[in-house]
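Here the structure is laid out as C-alpha cells; the discussion comes afterwards.
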Amino acid sequence: MRPTPTSWPWLARHYGAILLAVLLVKIGMAWALPITGDEAYFLIWGHNPDLGYYDHPPMIGWWLGAILPLSDHPLAIRALGIFASMAPALAVFLWWRHTDPVRARLVSLLALFMPLFFIAVITATDTPLILFALLATGLAWLALRTGRAAYFLLAGLALGLAFLSKYFAVLLGIALGLHILLFARQHWRGLLLIILGVVPAVALNLYWNWDNCWYNVMFNVVNRHGDGGFDPGNWLTYAILLVYLFTPWLLWLYARQWRALAAGIRDHQLGVFLSAGLIPLILFALLAPFKSIGLHWLAAFAPFLLLPALFLARRSLTLGVWLSGALAVLHAVAILTLALMPVEWLKGQDRYADAVFYLAPESVAEVVGEYDADWHVFTRSYSRSAVLGYYAGREVGVFGAGSHYGRQDDLLTDFRALDGANLLYVPTRGELDPAHVEPFFDEVRIREVTIRGVAWTLAEGRGFDYAAYHDQVLQPVLDRYYDLPDWLPEGRCDFVERYTR
C-alpha cells in the first residue's frame, strides 16, 4: 500500500513549492551576475550563424541565434541554462512518479540541489549537451527494454545532436557502446542503428572543419595540449571534485546501502544509466594526471549517477536531501552576496582592475561608448573583447597574437580592410605599454581615464599599418596556430588564404 500524501515527508509534500523557490533563486542569480566571458563569446556565435565555430561544435551558437532576435537581456540568454540545470530533476520526477511518487520527488530535489546544477545559471556549450545526453540515454534505455529499432535510431540522432553540442558526447557514445557490447550483446544490431543515427552530425561537423582550417581539431587536439605533463596529484583533485559534486553524505549512503541499490538497478533494468554515468567518469580519471578536469566536464554524466538514490531507504534519502538543500542555501547566499556587493569592496586587491572589468563591465563600456563608429575597438583577449562588445553594443576585436583559446575573431576580422583606419585599444588590466601598439600606427595618443578607482590608459591609434601588423603579428600567428599536421587532409582555410602573401 502506497503512503498517502499526508504521510509523505515534508520535502515531498512541498515539492512544487520548493521547485518554484529554486527557480526564483536561479532567476535572481541570473539577473545579478554579469555576463561572463564565455557567455559573451558564445553570443558572438549567435550573431554570426554558421555550421561551425572555432573552438567547439555549433549547437549553442544556433540556440542563441534563435534567441537574440527576440532579446539579448541576460535573463533571456540564460533561460536555456536555467532550464538545462533543472532538466535532470524534472526528468527524474516525470519518469519515476508513477513507480514511487515519494522517491521520485526526493531524488528530483537531490538533483535540483546538486552543487553543479544548483549554481548553474549561465548558458554554455554544456547547456544543450546536458539536454541531448539525457534524451539520448533515455531513448537507449527504451530501446534496450523494448528492442524496437526506431528507439535505437532515435537514440543515435539524439547522440548526434549531443555531439554537435560538445565533443564530450563521444564519451557518452563510448559508454553506450560498451554497455551494449558487454551487457546486452543481443542488441548489437541496435548499436549499429545508434551509429547510423550519429553519422549525419559527424559528417556535417567534418565538412565544416575541412572547409575551415580544421579549427575544432586544431584547438581540441593540437594547439590546446602542447604544454601537457604528468601530474599524479591531479587524481586527488579529481577525487575531491567528485566528493563535492555528489556530496559526502550521498556517497556515504551509497556505500552503506549498496546491496539495495544494486538490486534496484538490476530489477528495474537501469544498468545503461549507470554505464552512461560511470564510464565517462572512469575515462576522466584516466585522463586526470595529464589534464586538470573541470567541474563542468561532468555535467552531462553526473545526473545518471543520482538514479541509484531511488532505492535508498526513505529516511536516509530524506536526510540526504535536507543536507543537500542546506548546502544549496549556502551557495545561494554566497553567490547573491558577491553579485550584489559593489565592486569597490575589492579595492586594494592585486587584481582589482580585473574585477572592475568583469564585475562592472558597463563602467568600461561607458568610456568606449564615447567613441563613434569610425573607431574600431580592440582588446588583447577574446574574453574581454566579447564582454566589452556585449556591454558596449558594438563589435570589439582581438588585437595581437592572442592565445589558442577563443580565436573566433580570426574568422570575423579582416585586418586588410582596416589599413589606415583608427583603432581604439583597451588594455588588459588598465595599464598600457605604448611600445605594444606604436609599431602598428602612424600616430598613437595615450588617454588616461579613471574607472571605478582604476587609472585606465587607452591607446588611440591613428593610421593602422597593416603591413607592419602582418609581419609582426599575423605571420607568427600563421606559424603558431595554422601549421596543420600532415595527418589532417588538406582542406580550405580562409585565414591562410587571406594573410599568405
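Backbone N, Cα and C define each Cβ position, glycine as well.
Remember, predicted model here, so these are calculated numbers, not experimental data.
Here TrEMBL flags 55-208 as domain 'Glycosyltransferase RgtA/B/C/D-like'.
Within the chain, the transmembrane segment (12-33) has long-range Cβ neighbours (under 8 A, six or more residues past its boundaries) at 5-6, 74-75, 78, 81-82, 85-86, 89, 93, 101-102, 105-106, 108-109, 112-113, 118-119, 121-122, 325, 328, 332, 335-336, 339-340. According to TrEMBL, the feature transmembrane segment maps to 12-33 (among others).
The transmembrane segment feature in TrEMBL is assigned to 77-96 (among others).
The transmembrane segment annotation in TrEMBL covers 102-122 (among others).
For 150-183 (among others), the entry in TrEMBL reads transmembrane segment. Cβ atoms under 8 Å from those of the transmembrane segment (150-183) belong to residues 56-60, 125-129, 132-133, 135-137, 139-140, 142-144, 190-191, 193-202, 204-205, 216, 220, 271-272, 275-280, 283, 297, 300-301 of the same chain, restricted to positions at least 6 beyond its ends.
Per TrEMBL, transmembrane segment is recorded for 190-208 (among others). Within the same chain, residues 50-52, 57-58, 140, 143-144, 147, 149, 152-161, 163-164, 173, 176-177, 180-181, 216 sit at least 6 positions outside the transmembrane segment (190-208) and bring their C-beta atoms closer than 8 Å to a C-beta of that stretch.
Per TrEMBL, the feature transmembrane segment maps to 235-255 (among others).
Beyond the ends of the transmembrane segment (267-288), by six or more residues, the same chain brings 99, 133, 137, 140-141, 144-145, 168, 171-172, 174-176, 178-179, 183-184, 234-235, 237-238, 242, 297-298, 300-305, 307-308 to within a C-beta distance below 8 angstroms of the stretch. Residues or ranges marked as transmembrane segment by TrEMBL: 267-288 (among others).
Taking Cβ pairs closer than 8 Å, the transmembrane segment (294-312) reaches residues 88, 91-92, 96, 100, 103-104, 106-107, 110-111, 114, 116-117, 120, 124, 126, 129-130, 133-134, 137, 162, 166, 168-169, 171-172, 175, 241-242, 244-246, 250, 253-254, 257, 260-261, 263-265, 270, 273-274, 276-278, 280-281, 284, 320 in its own chain, all 6 or more past its ends. Sequence annotations record features per position, and here TrEMBL assigns transmembrane segment to 294-312 (among others).
The transmembrane segment annotation in TrEMBL covers 319-341 (among others). Away from its own ends, the transmembrane segment (319-341) comes close to residues 11, 18, 22, 25, 28-29, 32-34, 106, 109-110, 112-115, 118-119, 247, 249-250, 253, 309, 312 of its chain (Cβ-Cβ under 8 Å, at least six residues beyond either end).
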